[in-house]
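Peer 1: Following this message is one structure expressed as C-alpha coordinates.
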Amino acid sequence: MSEVAHSTVAFGGHFARELPELAIPWRAEEAPDPQLLTLNQPLAVELGFDPDFLRSPEGVRLLVGNALPEEATPVAQGYSGHQFGWYSPRLGDGRALLLGEIAGADGKLRDVHLKGSGRTPFARNGDGLAAVGPMMREYIVSESMHALNIPTTRSLAVVATGRQVQRETLLPGAVLTRVAGSHLRVGSFQYARASNDMDLLRRLADHAIERHHPSSAGESNRYLALLKGVISVQAKLVAQWMLVGFVHGVMNTDNMTVSGETIDYGPCAFMEGFDPGAVYSSIDEMGRYAYRSQPVVAEWNLARFAESIAALIHEDEEQAVALAVEALNGFRQEYSAAWFSGMQAKLGLPEGIEDDVASPLVDDLLQLVQETRADYTSFFRSLGKAARGEVEPARSQILDLAAFDSWLERWQALNPDADAMDQVNPIYIPRNHLVEEALASATEGDIGPAERLLAAVSHPYSERPGLEKYAEPAPESFGPYRTFCGT
(Lines of atoms letter the chains of each structure in order from A and count residues from 1; the text may use other names and numbers.)
(Lines give C-alpha, C1' and ligand atoms only; values in the text may rest on other atoms or scores of the structure.)
Protein backbone atom coordinates (compact mmCIF):
# COMPACT_ATOMS: atom_id res chain seq x y z
CA MET A 1 0.00 0.00 0.00
CA SER A 2 1.33 3.46 -0.93
CA GLU A 3 2.41 5.89 1.74
CA VAL A 4 0.58 9.20 2.09
CA ALA A 5 2.57 12.12 0.69
CA HIS A 6 2.05 15.61 2.04
CA SER A 7 2.21 17.39 -1.31
CA THR A 8 1.89 21.14 -1.64
CA VAL A 9 -0.39 20.53 -4.65
CA ALA A 10 -3.85 18.96 -4.64
CA PHE A 11 -4.46 16.11 -7.07
CA GLY A 12 -7.88 15.88 -8.71
CA GLY A 13 -9.42 12.80 -10.24
CA HIS A 14 -11.53 14.30 -13.01
CA PHE A 15 -10.74 11.69 -15.67
CA ALA A 16 -11.10 8.78 -13.26
CA ARG A 17 -14.39 10.12 -11.92
CA GLU A 18 -16.00 11.21 -15.20
CA LEU A 19 -14.83 8.30 -17.39
CA PRO A 20 -14.52 5.23 -15.16
CA GLU A 21 -15.01 2.94 -18.17
CA LEU A 22 -11.64 4.18 -19.47
CA ALA A 23 -9.83 4.07 -16.13
CA ILE A 24 -8.64 1.08 -14.11
CA PRO A 25 -7.61 2.02 -10.54
CA TRP A 26 -4.04 0.85 -10.06
CA ARG A 27 -0.88 1.45 -8.05
CA ALA A 28 2.72 1.86 -9.08
CA GLU A 29 5.15 -0.93 -8.31
CA GLU A 30 7.38 -0.29 -5.33
CA ALA A 31 10.74 1.20 -6.35
CA PRO A 32 13.48 -0.52 -4.31
CA ASP A 33 15.77 2.51 -4.03
CA PRO A 34 14.38 5.62 -5.76
CA GLN A 35 16.98 8.31 -6.46
CA LEU A 36 16.23 11.61 -8.19
CA LEU A 37 18.26 11.97 -11.39
CA THR A 38 16.89 15.28 -12.63
CA LEU A 39 14.13 17.69 -11.60
CA ASN A 40 12.61 20.38 -13.79
CA GLN A 41 12.56 23.11 -11.15
CA PRO A 42 10.94 25.85 -13.29
CA LEU A 43 8.11 23.50 -14.23
CA ALA A 44 7.73 22.36 -10.62
CA VAL A 45 7.32 25.97 -9.50
CA GLU A 46 4.91 26.68 -12.35
CA LEU A 47 2.75 23.77 -11.19
CA GLY A 48 2.81 24.92 -7.57
CA PHE A 49 5.17 22.26 -6.22
CA ASP A 50 7.85 23.07 -3.68
CA PRO A 51 11.06 21.89 -5.41
CA ASP A 52 12.70 21.19 -2.06
CA PHE A 53 9.82 18.87 -1.18
CA LEU A 54 10.18 17.02 -4.50
CA ARG A 55 13.89 16.53 -3.77
CA SER A 56 13.15 15.07 -0.33
CA PRO A 57 12.77 11.30 0.15
CA GLU A 58 9.00 11.75 0.46
CA GLY A 59 8.87 13.88 -2.69
CA VAL A 60 10.95 11.40 -4.67
CA ARG A 61 8.57 8.62 -3.63
CA LEU A 62 5.68 10.75 -4.89
CA LEU A 63 7.47 11.10 -8.24
CA VAL A 64 7.48 7.31 -8.66
CA GLY A 65 3.94 6.86 -7.32
CA ASN A 66 4.92 5.14 -4.06
CA ALA A 67 3.74 7.96 -1.78
CA LEU A 68 0.62 9.80 -2.88
CA PRO A 69 -1.64 12.49 -1.44
CA GLU A 70 -4.79 10.99 0.09
CA GLU A 71 -7.00 12.50 -2.61
CA ALA A 72 -5.00 11.02 -5.51
CA THR A 73 -6.76 8.33 -7.56
CA PRO A 74 -4.12 6.76 -9.82
CA VAL A 75 -5.49 4.94 -12.86
CA ALA A 76 -4.29 3.17 -15.97
CA GLN A 77 -6.07 4.67 -18.97
CA GLY A 78 -7.63 2.53 -21.67
CA TYR A 79 -7.36 3.31 -25.38
CA SER A 80 -7.13 1.60 -28.75
CA GLY A 81 -4.94 2.51 -31.68
CA HIS A 82 -3.80 1.94 -35.22
CA GLN A 83 -0.13 0.97 -34.96
CA PHE A 84 1.64 1.21 -38.32
CA GLY A 85 -1.80 1.04 -39.92
CA TRP A 86 -3.01 -2.05 -38.05
CA TYR A 87 -5.82 -1.69 -35.54
CA SER A 88 -5.27 -2.88 -31.97
CA PRO A 89 -8.54 -2.75 -30.01
CA ARG A 90 -6.97 -2.79 -26.55
CA LEU A 91 -3.72 -0.95 -25.90
CA GLY A 92 -3.89 1.34 -22.88
CA ASP A 93 -1.32 2.34 -20.29
CA GLY A 94 0.69 -0.85 -20.06
CA ARG A 95 3.48 0.75 -18.05
CA ALA A 96 2.03 4.09 -17.06
CA LEU A 97 -0.34 5.66 -14.55
CA LEU A 98 -2.31 8.88 -14.41
CA LEU A 99 -1.86 10.11 -10.83
CA GLY A 100 -4.47 12.81 -11.32
CA GLU A 101 -4.87 16.40 -12.46
CA ILE A 102 -3.64 19.59 -10.87
CA ALA A 103 -4.92 23.09 -11.54
CA GLY A 104 -2.38 25.59 -12.81
CA ALA A 105 -2.31 29.29 -12.05
CA ASP A 106 -4.39 29.81 -15.21
CA GLY A 107 -7.06 27.45 -13.89
CA LYS A 108 -6.39 24.84 -16.56
CA LEU A 109 -5.98 21.23 -15.52
CA ARG A 110 -2.70 19.42 -16.13
CA ASP A 111 -2.22 15.67 -15.94
CA VAL A 112 0.56 14.27 -13.76
CA HIS A 113 1.48 10.94 -15.28
CA LEU A 114 4.09 8.27 -14.61
CA LYS A 115 5.89 6.27 -17.28
CA GLY A 116 7.73 3.09 -16.33
CA SER A 117 5.86 2.64 -13.05
CA GLY A 118 5.17 -1.10 -13.47
CA ARG A 119 2.77 -3.54 -15.08
CA THR A 120 -0.92 -2.70 -15.34
CA PRO A 121 -3.84 -4.77 -16.69
CA PHE A 122 -3.00 -3.27 -20.11
CA ALA A 123 0.61 -4.51 -20.04
CA ARG A 124 0.07 -7.53 -22.33
CA ASN A 125 3.53 -9.13 -22.59
CA GLY A 126 5.53 -6.13 -21.38
CA ASP A 127 7.28 -5.85 -18.03
CA GLY A 128 5.80 -2.41 -17.33
CA LEU A 129 9.20 -0.90 -16.69
CA ALA A 130 11.45 1.66 -18.32
CA ALA A 131 15.19 2.20 -18.44
CA VAL A 132 17.10 5.37 -17.59
CA GLY A 133 18.13 6.05 -21.20
CA PRO A 134 14.69 6.26 -22.86
CA MET A 135 13.26 8.27 -19.96
CA MET A 136 16.11 10.76 -20.19
CA ARG A 137 15.56 10.95 -23.96
CA GLU A 138 11.95 12.01 -23.43
CA TYR A 139 12.99 14.53 -20.78
CA ILE A 140 15.62 16.15 -23.02
CA VAL A 141 13.61 16.17 -26.24
CA SER A 142 10.29 17.25 -24.73
CA GLU A 143 11.93 20.16 -22.92
CA SER A 144 13.72 21.12 -26.14
CA MET A 145 10.41 21.10 -27.99
CA HIS A 146 8.91 23.33 -25.31
CA ALA A 147 11.80 25.76 -25.70
CA LEU A 148 11.21 25.72 -29.47
CA ASN A 149 7.62 26.86 -28.75
CA ILE A 150 6.15 23.62 -30.06
CA PRO A 151 3.17 22.26 -28.08
CA THR A 152 4.32 19.24 -26.10
CA THR A 153 3.93 17.19 -23.00
CA ARG A 154 6.50 18.24 -20.41
CA SER A 155 8.89 16.35 -18.17
CA LEU A 156 8.88 17.10 -14.45
CA ALA A 157 11.45 14.55 -13.29
CA VAL A 158 13.32 11.34 -13.93
CA VAL A 159 13.88 9.05 -10.95
CA ALA A 160 16.12 5.99 -10.97
CA THR A 161 14.21 3.16 -9.30
CA GLY A 162 17.10 1.03 -8.08
CA ARG A 163 15.68 -1.86 -10.12
CA GLN A 164 17.42 -3.48 -13.07
CA VAL A 165 15.43 -3.75 -16.31
CA GLN A 166 16.01 -6.57 -18.78
CA ARG A 167 16.35 -5.42 -22.38
CA GLU A 168 19.15 -6.70 -24.64
CA THR A 169 21.24 -6.28 -21.50
CA LEU A 170 20.43 -5.38 -17.91
CA LEU A 171 19.85 -1.63 -17.61
CA PRO A 172 19.10 0.66 -14.67
CA GLY A 173 15.38 1.32 -14.34
CA ALA A 174 13.70 4.71 -14.12
CA VAL A 175 10.34 6.44 -13.96
CA LEU A 176 9.52 9.61 -15.89
CA THR A 177 7.03 12.02 -14.33
CA ARG A 178 5.23 13.57 -17.28
CA VAL A 179 2.93 16.60 -17.32
CA ALA A 180 0.37 17.19 -20.07
CA GLY A 181 -2.74 19.16 -20.87
CA SER A 182 -4.28 15.69 -20.89
CA HIS A 183 -3.60 12.22 -22.22
CA LEU A 184 -6.72 12.12 -24.37
CA ARG A 185 -5.77 10.53 -27.68
CA VAL A 186 -7.43 9.64 -30.94
CA GLY A 187 -7.10 6.10 -29.59
CA SER A 188 -9.20 7.05 -26.55
CA PHE A 189 -12.11 7.79 -28.87
CA GLN A 190 -11.51 4.63 -30.89
CA TYR A 191 -11.72 2.63 -27.65
CA ALA A 192 -14.95 4.32 -26.58
CA ARG A 193 -16.55 3.94 -30.01
CA ALA A 194 -15.66 0.25 -30.18
CA SER A 195 -17.55 -0.28 -26.92
CA ASN A 196 -20.79 0.78 -28.66
CA ASP A 197 -21.57 2.82 -25.55
CA MET A 198 -22.84 6.11 -26.97
CA ASP A 199 -23.17 7.63 -23.52
CA LEU A 200 -19.48 6.96 -22.86
CA LEU A 201 -18.48 8.37 -26.25
CA ARG A 202 -20.52 11.51 -25.61
CA ARG A 203 -19.07 11.98 -22.12
CA LEU A 204 -15.55 11.54 -23.50
CA ALA A 205 -16.18 14.13 -26.21
CA ASP A 206 -17.68 16.56 -23.68
CA HIS A 207 -14.65 16.01 -21.43
CA ALA A 208 -12.34 16.84 -24.36
CA ILE A 209 -14.35 19.94 -25.23
CA GLU A 210 -14.25 21.20 -21.66
CA ARG A 211 -10.51 20.67 -21.31
CA HIS A 212 -9.17 21.61 -24.74
CA HIS A 213 -11.75 23.09 -27.08
CA PRO A 214 -14.19 25.06 -24.89
CA SER A 215 -15.27 27.30 -27.77
CA SER A 216 -16.85 24.23 -29.37
CA ALA A 217 -19.43 24.09 -26.57
CA GLY A 218 -21.17 27.17 -27.94
CA GLU A 219 -21.43 25.91 -31.51
CA SER A 220 -24.67 24.55 -32.95
CA ASN A 221 -22.90 21.22 -33.60
CA ARG A 222 -20.40 20.95 -30.77
CA TYR A 223 -18.98 17.61 -31.90
CA LEU A 224 -18.35 18.77 -35.44
CA ALA A 225 -16.67 21.81 -33.90
CA LEU A 226 -14.55 19.46 -31.76
CA LEU A 227 -13.45 17.61 -34.89
CA LYS A 228 -12.53 20.87 -36.59
CA GLY A 229 -10.67 22.01 -33.48
CA VAL A 230 -8.56 18.86 -33.30
CA ILE A 231 -7.86 19.04 -37.04
CA SER A 232 -6.68 22.63 -36.62
CA VAL A 233 -4.33 22.05 -33.69
CA GLN A 234 -2.83 18.96 -35.30
CA ALA A 235 -2.30 20.70 -38.65
CA LYS A 236 -0.38 23.46 -36.89
CA LEU A 237 1.55 21.03 -34.70
CA VAL A 238 2.80 18.86 -37.57
CA ALA A 239 3.74 21.99 -39.53
CA GLN A 240 5.90 23.04 -36.58
CA TRP A 241 7.56 19.61 -36.51
CA MET A 242 8.40 19.91 -40.19
CA LEU A 243 9.81 23.40 -39.78
CA VAL A 244 12.42 22.26 -37.23
CA GLY A 245 13.19 18.90 -38.87
CA PHE A 246 11.60 16.78 -36.14
CA VAL A 247 10.76 13.17 -36.99
CA HIS A 248 8.35 11.67 -34.46
CA GLY A 249 8.89 8.09 -35.55
CA VAL A 250 5.75 6.43 -34.17
CA MET A 251 2.69 8.39 -35.30
CA ASN A 252 0.16 5.76 -34.29
CA THR A 253 -3.35 6.97 -33.47
CA ASP A 254 -2.70 6.34 -29.78
CA ASN A 255 0.13 8.88 -30.05
CA MET A 256 -2.03 11.70 -31.44
CA THR A 257 -3.51 13.95 -28.77
CA VAL A 258 -6.75 15.90 -29.03
CA SER A 259 -5.00 18.78 -27.24
CA GLY A 260 -2.49 19.26 -30.06
CA GLU A 261 0.50 18.43 -27.86
CA THR A 262 3.38 16.25 -29.03
CA ILE A 263 3.42 13.02 -27.04
CA ASP A 264 5.66 9.95 -26.83
CA TYR A 265 9.30 10.53 -27.68
CA GLY A 266 10.34 6.88 -28.05
CA PRO A 267 12.07 6.57 -31.44
CA CYS A 268 12.12 10.27 -32.34
CA ALA A 269 15.03 12.16 -33.88
CA PHE A 270 15.96 15.51 -35.38
CA MET A 271 16.96 15.45 -39.03
CA GLU A 272 20.49 16.66 -39.76
CA GLY A 273 21.24 16.40 -43.49
CA PHE A 274 18.05 17.49 -45.26
CA ASP A 275 16.37 14.36 -46.56
CA PRO A 276 12.58 14.32 -47.01
CA GLY A 277 12.64 10.53 -46.81
CA ALA A 278 14.45 10.48 -43.46
CA VAL A 279 13.45 7.56 -41.20
CA TYR A 280 15.19 6.84 -37.91
CA SER A 281 13.00 4.34 -36.07
CA SER A 282 14.35 0.79 -36.17
CA ILE A 283 10.81 -0.61 -36.29
CA ASP A 284 9.61 1.58 -39.18
CA GLU A 285 10.96 -0.76 -41.83
CA MET A 286 8.61 0.49 -44.56
CA GLY A 287 9.16 4.18 -43.85
CA ARG A 288 5.51 4.82 -42.99
CA TYR A 289 6.46 7.63 -40.62
CA ALA A 290 9.22 9.25 -42.70
CA TYR A 291 9.77 13.00 -42.33
CA ARG A 292 7.89 13.91 -45.52
CA SER A 293 5.01 11.53 -44.69
CA GLN A 294 4.13 13.10 -41.35
CA PRO A 295 1.41 15.45 -42.70
CA VAL A 296 -0.15 12.59 -44.69
CA VAL A 297 -0.17 10.29 -41.66
CA ALA A 298 -1.63 13.04 -39.48
CA GLU A 299 -4.50 13.44 -41.94
CA TRP A 300 -5.05 9.67 -41.95
CA ASN A 301 -5.13 9.59 -38.14
CA LEU A 302 -7.62 12.44 -38.08
CA ALA A 303 -9.88 10.47 -40.41
CA ARG A 304 -9.87 7.70 -37.78
CA PHE A 305 -10.86 10.32 -35.18
CA ALA A 306 -13.69 11.48 -37.43
CA GLU A 307 -14.90 7.90 -37.81
CA SER A 308 -14.90 7.49 -34.05
CA ILE A 309 -17.15 10.49 -33.35
CA ALA A 310 -19.24 10.47 -36.54
CA ALA A 311 -22.27 9.16 -34.67
CA LEU A 312 -22.14 12.25 -32.44
CA ILE A 313 -21.84 14.64 -35.38
CA HIS A 314 -25.14 13.58 -36.92
CA GLU A 315 -27.58 10.74 -36.28
CA ASP A 316 -27.89 10.14 -40.02
CA GLU A 317 -24.79 8.26 -41.16
CA GLU A 318 -24.62 9.78 -44.64
CA GLN A 319 -24.90 13.31 -43.30
CA ALA A 320 -22.34 12.55 -40.58
CA VAL A 321 -19.86 11.29 -43.18
CA ALA A 322 -20.45 14.31 -45.43
CA LEU A 323 -19.87 16.75 -42.56
CA ALA A 324 -16.76 14.89 -41.38
CA VAL A 325 -15.27 14.72 -44.88
CA GLU A 326 -15.85 18.44 -45.36
CA ALA A 327 -14.05 19.12 -42.08
CA LEU A 328 -11.17 16.80 -42.99
CA ASN A 329 -10.79 18.56 -46.31
CA GLY A 330 -9.67 21.60 -44.34
CA PHE A 331 -6.59 19.85 -42.96
CA ARG A 332 -4.34 20.31 -45.98
CA GLN A 333 -5.17 23.98 -46.28
CA GLU A 334 -4.53 24.60 -42.58
CA TYR A 335 -1.30 22.60 -42.64
CA SER A 336 -0.02 24.30 -45.79
CA ALA A 337 -0.84 27.75 -44.45
CA ALA A 338 0.94 27.06 -41.15
CA TRP A 339 3.98 25.51 -42.83
CA PHE A 340 4.29 28.21 -45.48
CA SER A 341 3.92 31.00 -42.92
CA GLY A 342 6.61 29.34 -40.81
CA MET A 343 8.93 28.94 -43.79
CA GLN A 344 8.50 32.61 -44.69
CA ALA A 345 9.48 33.45 -41.11
CA LYS A 346 12.56 31.21 -41.38
CA LEU A 347 13.58 33.22 -44.44
CA GLY A 348 12.84 36.55 -42.75
CA LEU A 349 10.42 37.58 -45.47
CA PRO A 350 8.26 40.65 -44.89
CA GLU A 351 4.56 40.31 -44.17
CA GLY A 352 2.31 40.78 -47.15
CA ILE A 353 4.75 39.37 -49.68
CA GLU A 354 2.96 37.88 -52.67
CA ASP A 355 2.73 34.10 -52.80
CA ASP A 356 3.96 34.04 -56.39
CA VAL A 357 7.19 35.59 -55.12
CA ALA A 358 7.62 33.68 -51.86
CA SER A 359 6.55 30.23 -53.03
CA PRO A 360 9.18 29.71 -55.76
CA LEU A 361 11.80 31.20 -53.45
CA VAL A 362 11.02 28.56 -50.81
CA ASP A 363 10.78 25.71 -53.32
CA ASP A 364 14.03 26.58 -55.07
CA LEU A 365 15.94 26.82 -51.80
CA LEU A 366 14.69 23.49 -50.47
CA GLN A 367 15.68 21.85 -53.75
CA LEU A 368 19.23 23.18 -53.36
CA VAL A 369 19.42 22.11 -49.72
CA GLN A 370 18.10 18.65 -50.56
CA GLU A 371 20.56 18.14 -53.42
CA THR A 372 23.43 18.90 -51.06
CA ARG A 373 21.98 17.15 -47.99
CA ALA A 374 22.97 20.29 -46.11
CA ASP A 375 22.51 20.24 -42.35
CA TYR A 376 18.96 21.52 -41.96
CA THR A 377 19.40 23.36 -38.66
CA SER A 378 22.85 24.81 -39.37
CA PHE A 379 21.91 25.97 -42.85
CA PHE A 380 18.82 27.92 -41.84
CA ARG A 381 20.66 29.45 -38.89
CA SER A 382 23.46 30.54 -41.21
CA LEU A 383 20.95 32.35 -43.41
CA GLY A 384 20.63 34.90 -40.62
CA LYS A 385 24.28 35.76 -41.18
CA ALA A 386 23.68 35.89 -44.93
CA ALA A 387 20.92 38.42 -44.33
CA ARG A 388 23.55 40.56 -42.60
CA GLY A 389 25.92 40.24 -45.56
CA GLU A 390 28.02 37.31 -44.32
CA VAL A 391 27.08 34.77 -46.98
CA GLU A 392 29.97 32.29 -46.80
CA PRO A 393 28.67 30.15 -43.87
CA ALA A 394 25.50 29.39 -45.84
CA ARG A 395 27.19 29.29 -49.25
CA SER A 396 29.77 26.75 -48.07
CA GLN A 397 27.00 24.24 -47.37
CA ILE A 398 25.63 24.20 -50.95
CA LEU A 399 27.12 22.37 -53.96
CA ASP A 400 25.48 24.27 -56.82
CA LEU A 401 27.01 27.67 -56.09
CA ALA A 402 25.80 29.36 -59.27
CA ALA A 403 22.20 28.44 -58.50
CA PHE A 404 22.58 29.46 -54.86
CA ASP A 405 24.14 32.82 -55.75
CA SER A 406 21.20 33.48 -58.04
CA TRP A 407 18.82 32.53 -55.24
CA LEU A 408 20.67 34.78 -52.79
CA GLU A 409 20.27 37.75 -55.09
CA ARG A 410 16.51 37.24 -55.32
CA TRP A 411 16.20 36.73 -51.56
CA GLN A 412 18.38 39.64 -50.46
CA ALA A 413 16.42 41.99 -52.71
CA LEU A 414 13.47 41.41 -50.37
CA ASN A 415 15.42 42.79 -47.36
CA PRO A 416 15.07 39.75 -45.07
CA ASP A 417 14.90 40.50 -41.34
CA ALA A 418 17.95 38.80 -39.80
CA ASP A 419 16.92 39.42 -36.19
CA ALA A 420 13.49 37.90 -36.79
CA MET A 421 15.13 34.90 -38.46
CA ASP A 422 17.27 34.26 -35.40
CA GLN A 423 14.10 34.02 -33.32
CA VAL A 424 12.74 31.09 -35.35
CA ASN A 425 15.87 29.31 -36.63
CA PRO A 426 17.44 27.50 -33.66
CA ILE A 427 21.13 27.07 -33.24
CA TYR A 428 20.82 24.33 -30.60
CA ILE A 429 18.65 21.23 -31.01
CA PRO A 430 19.02 17.80 -29.35
CA ARG A 431 21.42 16.51 -31.97
CA ASN A 432 21.24 12.78 -32.19
CA HIS A 433 24.87 12.04 -31.38
CA LEU A 434 24.77 14.33 -28.34
CA VAL A 435 21.56 12.73 -27.11
CA GLU A 436 23.12 9.28 -27.38
CA GLU A 437 26.24 10.49 -25.57
CA ALA A 438 24.09 11.93 -22.78
CA LEU A 439 21.98 8.78 -22.46
CA ALA A 440 25.00 6.50 -22.35
CA SER A 441 26.52 8.58 -19.57
CA ALA A 442 23.24 8.72 -17.64
CA THR A 443 22.96 4.94 -17.87
CA GLU A 444 26.41 4.72 -16.29
CA GLY A 445 25.36 7.08 -13.51
CA ASP A 446 26.79 10.36 -14.85
CA ILE A 447 24.00 12.87 -15.44
CA GLY A 448 26.39 15.72 -16.31
CA PRO A 449 26.31 15.43 -20.13
CA ALA A 450 22.49 15.35 -20.08
CA GLU A 451 22.35 18.44 -17.88
CA ARG A 452 24.74 20.32 -20.17
CA LEU A 453 22.75 19.33 -23.25
CA LEU A 454 19.55 20.45 -21.53
CA ALA A 455 21.12 23.79 -20.68
CA ALA A 456 21.95 24.33 -24.36
CA VAL A 457 18.63 23.27 -25.88
CA SER A 458 16.55 25.06 -23.24
CA HIS A 459 17.57 28.34 -24.92
CA PRO A 460 17.75 27.23 -28.56
CA TYR A 461 17.79 30.65 -30.23
CA SER A 462 20.46 32.35 -28.13
CA GLU A 463 24.04 31.72 -29.29
CA ARG A 464 26.43 31.42 -26.35
CA PRO A 465 30.21 31.07 -26.17
CA GLY A 466 31.49 27.69 -25.09
CA LEU A 467 28.56 25.77 -26.59
CA GLU A 468 29.99 25.30 -30.07
CA LYS A 469 29.81 21.48 -29.89
CA TYR A 470 26.04 21.67 -29.39
CA ALA A 471 25.64 23.51 -32.72
CA GLU A 472 27.73 21.12 -34.80
CA PRO A 473 26.41 18.21 -36.88
CA ALA A 474 27.39 14.68 -35.97
CA PRO A 475 30.88 13.61 -37.02
CA GLU A 476 31.09 11.17 -39.94
CA SER A 477 32.21 8.47 -37.52
CA PHE A 478 28.74 8.57 -35.89
CA GLY A 479 27.34 6.83 -38.98
CA PRO A 480 23.67 6.23 -39.90
CA TYR A 481 21.35 6.86 -36.96
CA ARG A 482 18.71 4.43 -35.70
CA THR A 483 16.36 4.91 -32.76
CA PHE A 484 14.57 2.42 -30.53
CA CYS A 485 11.36 2.75 -28.54
CA GLY A 486 12.81 1.36 -25.30
CA THR A 487 9.96 -1.01 -24.39
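Every residue gets a Cβ built from N, Cα and C, even glycine.
From Swiss-Prot, here are the annotated features:
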type: ACT_SITE; residues: Asp254; note: active site, proton acceptor
type: BINDING; residues: Gly92, Gly94, Arg95, Lys115, Asp127, Gly128, Arg178, Arg185, Asp264; note: ATP binding site
type: BINDING; residues: Asn255, Asp264; note: Mg(2+) binding site
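Map these features onto the structure and tell me what's around them.
Peer 2: All protein chains shown were included, and the count of other CB atoms within 10 Å of the CB of Asp254 (active site, proton acceptor) stands at 25.
Taking a C-beta cut-off of under 8 angstroms and a sequence separation of 6 or more, Asp264 (ATP binding site) has the following same-chain neighbours: Glu138, His248, Val250, Asn255.
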Peer 1: At the level of the C-alpha atoms, what whole-angstrom distance separates Asp127 (ATP binding site) and Asp254 (active site, proton acceptor)?
Peer 2: 20
Peer 1: If you count CB neighbours within 10 Å, which one among the binding-site residues Gly92, Asp127 has the smallest count?
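Peer 2: The binding-site residues Gly92, Asp127 were compared, and Asp127 has the fewest Cβ atoms within 10 Å.
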Peer 1: Could you check the binding-site residues Arg95, Arg178 and say which one's CB has the most other CB atoms within 10 Å?
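Peer 2: Per the Cβ count, the most surrounded site is Arg178.
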Peer 1: When you put Asp254 (active site, proton acceptor) at the centre and draw a 10 Å sphere around its Cα, which of the binding-site residues Gly92, Arg95, Arg178 have their Cα inside it?
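Peer 2: Close binding-site residues: Gly92.
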